[in-house]
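Report on the following structure.
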Amino acid sequence: MTQTSSPLRVGVGGPVGSGKTALLEVLCKKMRNHFEIAVVTNDIYTKEDQRILTEAGALAAERIVGVETGGCPHTAIREDASMNLAAVEALSEKFGNLDVVFVESGGDNLSATFSPELADMTIYVIDVAEGEKIPRKGGPGITKSDLLVINKIDLAPYVGARLDVMESDTNRMRPEKPWTFANLKAGQGVDTIIDFIVTHGMLTPKA
């Protein structure tokens with residue numbers, strides 16, 4: 001769609017290794033033919049996630065910007081989001097018709113949240129390998145994100161996690177809020193996530 005207003009800003013958070021970068025890769029590859037997309041990644045002292053996404057061919061390199069946050073990565077997405085806001089603005093100016101900018105947080109914990117200034121919508125990724133108790137631990141990422149993604153469900157038998165318990169706990173911690181199981185490596189759950197972004201972000205695919 002041709003857009004004169006600001007792009008939809010989607011914050012993607014979750015603990016280290018949960019699958020944030022993997023999610024961004026599959027979202028970009030499946031959505032890029034229908035929407036104008038860019039990505040901002042956050043790492044403490046490197047631009048590793050930017051490199052991973054670029055080498056994976058998720059988007060053209062100029063559409064992926066890496067922010068080196070230094071110190072605490074939570075601050076860059078919450079208390080002082082200026083570096084990320086500047087990156088989003090620079091991308092918006094460079095590509096005047098952006099529909100979506102994904103902002104990936106640095107590795108964080110269950111208490112990390114995005115500033116409303118920075119993210120219009122938030123997706124939080126956790127994974128089964130952390131154990132079935134993760135949903136019931138709560139925290140803003142679990143309870144307040146717009147969409148919760150429970151990734152790596154294929155590992156459940158190997159780590160002794162019961163998906164029915166995780167489902168029950170998630171429904172209890174997120175009454176009326178959407179969530180989905182996923183195996184991003186195999187593409188499972190990706191269409192559900194895209195449908196959520198498109199519907200709730202009120203995006204119109206280009207012809």
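Placed from the backbone N, Cα and C atoms, the Cβ positions cover glycine too.
Taken from Swiss-Prot as is:
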type    : residues                                               : note
BINDING : Gly14, Pro15, Val16, Gly17, Ser18, Gly19, Lys20, Thr21 : GTP binding site
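Once Cβ contacts within 10 Å are tallied over all protein chains shown, the binding-site residues Gly14, Gly19 are led by Gly14. When the binding-site residues Pro15, Ser18, Thr21 are compared by the number of other C-beta atoms lying within 10 angstroms of their own C-beta, Pro15 comes out lowest.
Within the same chain, residues at least six positions away from Lys20 (GTP binding site) with a Cβ under 8 Å of its Cβ are Val12, Gly13, Gly14, Asp49, Glu104, Ser105, Val125.
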